[in-house]
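Asker: Dropping the structure in here first, questions after.
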Amino acid sequence: MSNQHALLISNLLPVGSNISTWWNFGSMLLTCLMLQVLTGFFLAIHYTANINLAFSSVVHITRDVPCGWIMQNTHAIGASLFFICIYIHIARGLYYGLYLNKNVWLSGVTLLMTLMATAFFGYVLPWGQMSFWAATVITNLLTAIPYLGVAVTTWLWGGFSINDPTLTRFFALHFILPFIIISLSSIHIILLHNEGSNNPLGTNSDIDKIPFHPYHSYKDLMTTTSMIILLFIILSFSPDLLNDPENFSKANPLVTPQHIKPEWYFLFAYGILRSIPNKLGGTLALLMSILILTLPPFTHTFYIRPMTFRPLSQTLFWTLIATFVMITWTATKPVEPPFITISQLTSIFYFSFFIMNPLLSWTENKIMMQT
């Protein structure tokens, strides 16, 4: 494998000539990761992992530290852009059948779960009102584990409730996990370039390849620059656009927010969790909302990879995207009719995609055989 990679580098990484802009999100994600590690380091210098000082230390960073407000807001907005890019990256993989490269896809799902854990721990650190209560609700789900649940939850909390030890270990985990993400990203990229990138047509890229640099590197640079410009526009004109208003108040265990919810990029999973009126069932559904992404590599039934020439599969795919948006929207609403019913229906549609897609692909095979 090492010899192969030496050849790839010496040949300036030959890739298919027809890969589109949808293939640019990998480089955008790498840029986001570098940005998050850099800004996170400077924030960690001034942050204090103590329940009495955490909120004040974040206020100190934004008010007193030179350029601190830029670091803090860039880190917060960067997290949102990170998840926008990763969700588009996953959607691209589903649409173009890139999951058939099993090793790359499964390493990507592992990366996604690590990233979500990192983002969750980071959301708790400012010790705002919504941070505290979201952490209480989500970590309390561990009590649903049979026999071991209470012991695991107590161990994670470092006591019988979320307190100072919890914040300290969450800070430690949030600090160390990005380095694990960097390692997993390296594995993801090595596995990808071991077999080579696919293309929008799903054909063999070996027929027509060009050097990655300068042809695709400049294309990557354009989308990455556009993303950074978008980040600076939000940072300059509406830095609190993606923040929860409740987090501008210090955590108070005696006052429960009217509607507890995590950051917007977790709302689809939270919406699926809320749609099931059972703690264990909801927790399993929450886990399956991510783990079900491991299914497509083993259930692909169509004889070509992408959905480019499959109108029925395309319709189902865009239904999944609409469902994802709808679940996210319902999760922002109170647990009352009609949002309960909408949430339950959209959750069923979400999981149905992964069952219906192989069946529909099989049907499309039959139709195409007859024509």
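Note that Cβ sites are derived from N, Cα and C of the backbone, with glycine treated the same way.
Residues or ranges marked as transmembrane segment by Swiss-Prot on the basis of similarity to another entry: 25-45, 69-90, 105-125, 170-190, 218-238, 280-300, 312-332, 339-358. Look at Swiss-Prot and you will find His75, His174 tagged as heme b b562 binding site. If you look up Swiss-Prot, you'll see His89, His188 marked as heme b b566 binding site, on the strength of similarity to another entry. As annotated by Swiss-Prot, ubiquinone binding site applies to His193.
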Asker: Take the transmembrane segment (25-45) and find every residue of the same chain, 6 or more past its ends, with a Cβ under 8 Å from one of its Cβ atoms.
Answerer: 61, 71-72, 74-75, 78-79, 81-82, 85-86, 88-89, 92, 122, 175, 178, 181-182, 185, 189, 220, 223-224, 227-228
Asker: Going by C-alpha positions, which of the binding-site residues (His89, His188, His193) is nearest His174 (heme b b562 binding site)?
Answerer: His188
Asker: Among the recorded stretches 105-125, 170-190, 218-238, 280-300, 339-358, which has the greatest number of Cβ pairs closer than 8 Å to the transmembrane segment (312-332)?
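Answerer: Answer, by Cβ pair count: 339-358.
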Asker: Can you see whether the transmembrane segment (280-300) and the transmembrane segment (339-358) are touching - at least 3 CB pairs under 8 angstroms, only pairs 6 or more apart in sequence?
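Answerer: By the criterion, they touch.
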Asker: Measure the Cβ-based neighbour count of His188 (heme b b566 binding site), defined as the other Cβ atoms within 10 Å of its Cβ.
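Answerer: If we count other Cβ atoms within 10 Å of His188 (heme b b566 binding site), we arrive at 21.
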Asker: With Cβ distances under 8 Å as the criterion, find the stretch in 170-190, 218-238, 339-358 that has the most pairs with the transmembrane segment (69-90).
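Answerer: Top-ranked stretch among 170-190, 218-238, 339-358: 218-238.
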Asker: In whole Å, note down how far the CA of His89 (heme b b566 binding site) lies from the CA of His75 (heme b b562 binding site).
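Answerer: Just about 21 Å between their Cα atoms.
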Asker: Counting across all protein chains present, how many other Cβ atoms fall within 10 Å of the Cβ of His193 (ubiquinone binding site)?
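Answerer: Looking across every protein chain shown, the total is 17.
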Asker: Where else in the chain does the transmembrane segment (170-190) make close Cβ contacts, counting only residues six or more beyond its ends and a cut-off under 8 Å?
Answerer: 1, 5, 26, 30, 33, 36-37, 40, 44, 47, 49, 104, 107-108, 110-111, 114-115, 117-118, 121-122, 124-125, 135
Asker: From the Cα of His89 (heme b b566 binding site) across to the Cα of the residue listed as 'ubiquinone binding site', what is the distance in angstrom?
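Answerer: For the residue listed as 'ubiquinone binding site' versus His89 (heme b b566 binding site), the Cα atoms are 17 Å apart.
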Asker: May I ask which residues of the same chain, at least 6 positions away in sequence, place their Cβ under 8 angstroms from the Cβ of His89 (heme b b566 binding site)?
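Answerer: The list for His89 (heme b b566 binding site) reads Phe25, Gly26, Leu29, given in order along the sequence.
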Asker: Using all protein chains in view, find how many other C-beta atoms are within 10 Å of the C-beta of His174 (heme b b562 binding site).
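Answerer: So the number of other Cβ atoms within 10 Å of His174 (heme b b562 binding site) is 22.
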Asker: Around the Cβ of His75 (heme b b562 binding site), how many other Cβ atoms lie within 10 Å? Please give the count over every shown protein chain.
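Answerer: Excluding its own Cβ, the number within 10 Å is 19.
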